[in-house]
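What follows is one structure encoded as structure tokens, with my remarks underneath.
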């Protein structure tokens, strides 16, 4: 295991992690041409909140707190919304990296600079440095809550507990599943019951949630109950009856499509273990090069210490894994953005595993450093074709159409850059072409190839034609279709 020299000016690992994270975010953003799909929605909602007030935001998106943050910062500082969002997200990423390094240092002495390498290179969250997403705020405040919880568990107090609850509340304003941290922290204390101090700590940790729940009940009995659709959506997903029904539906469909009748009874087990293995495989893939030390058995010795000394992180990992399983069953899909929080929680363990591995195999350390550097650059530098054709199409739409024209956008970001809001159609372009619809639209902005057979048949039937088209250097096209 290589030794890390003291840096000039005695830069601490958390500070170095924060500064390095900002640099990586700057590199990633500098190569960005257009914002992501979710980013376009958040920015549009923020702009409408600035123009028309916060009430309109709930009509556009049912959990608009991130957009409110952007709108408030824009109103206070006068910065452009897109720049405001970029700065916030870069700050959240930097803060998350610094907190993880600080936690890892407490967990394993001398691990600070190794932890910097981990947080800079993990594809799990570094691949999103060029994006504007709610997860970045969710990650930061969740890790902050766990960091504060570790200090509170060492030395309890009402103010420390309130700080933990406040951090969880802030995380929930980005993604509601952050509330799982409260029962996780309570569970961490159950092993020490019935100690009197533990009962007091449970009261400290739940004082604000109990007060909020009491206020909510008073409002409910007063006839002012909340109808927040996002909360209702989460409660519906957690309904055991609906969860079982959805799981049985998946199992029955799998049995019908892939199994003989003699094995149909095994469909539930196959689905359960298949979903679990899929999540675990995504977790290991998103670790990038830091999955390699896990192939060495001795590297897993750090897991026992991780479980003992960082209980809030370990229990949060298990709880969030269960949340992902519920989501996987109910929504029938999962992606790396949702799984990434598991990798964040595992950073202290991954750091120690890497240190143990290279203590036994020091000759591999230089090769591993080169691999880390390559992965770090790959996370933030893209040599692929940019979506410049989206901007060109947006310019054409803004110059050749009227705001009142009925336009179908295959990608709402084109409308966003054309100054036409962020429409969210109920149907996809494929559904429009397959069903022979589209009469209600004067123009269609599609991201498909001009020689697509389905498109050619649809244009012939609807008497439409390609008015103009734009392409990037890869050949990806945006078609403007009209009469």
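Any Cβ shown, glycine's included, is placed from N, Cα and C.
Not measured: the values here are computed from a predicted model.
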Among the residue ranges 236-256, 341-361, I'd like the one that TrEMBL describes as transmembrane segment. 341-361
Same chain only, please: residues at least 6 beyond the ends of the transmembrane segment (367-385) with a C-beta under 8 Å from a C-beta of the stretch. Say none if there are none. 24-25, 27-28, 31, 117, 120-121, 123, 126-127, 129-130, 288-289, 292, 354, 358, 472-474, 476
Feature contact check the transmembrane segment (107-125) with the transmembrane segment (312-329), CB under 8 Å, 3 or more pairs: no
For the transmembrane segment (137-154), which recorded stretch in the set 15-35, 56-77, 83-102, 107-125, 166-192 gives the largest number of Cβ pairs separated by under 8 Å? 166-192
Six or more residues beyond either end and a Cβ under 8 Å away: which residues meet both conditions relative to the transmembrane segment (56-77)? 41-50, 84-85, 88, 134, 137, 173-174, 176, 228-230, 422
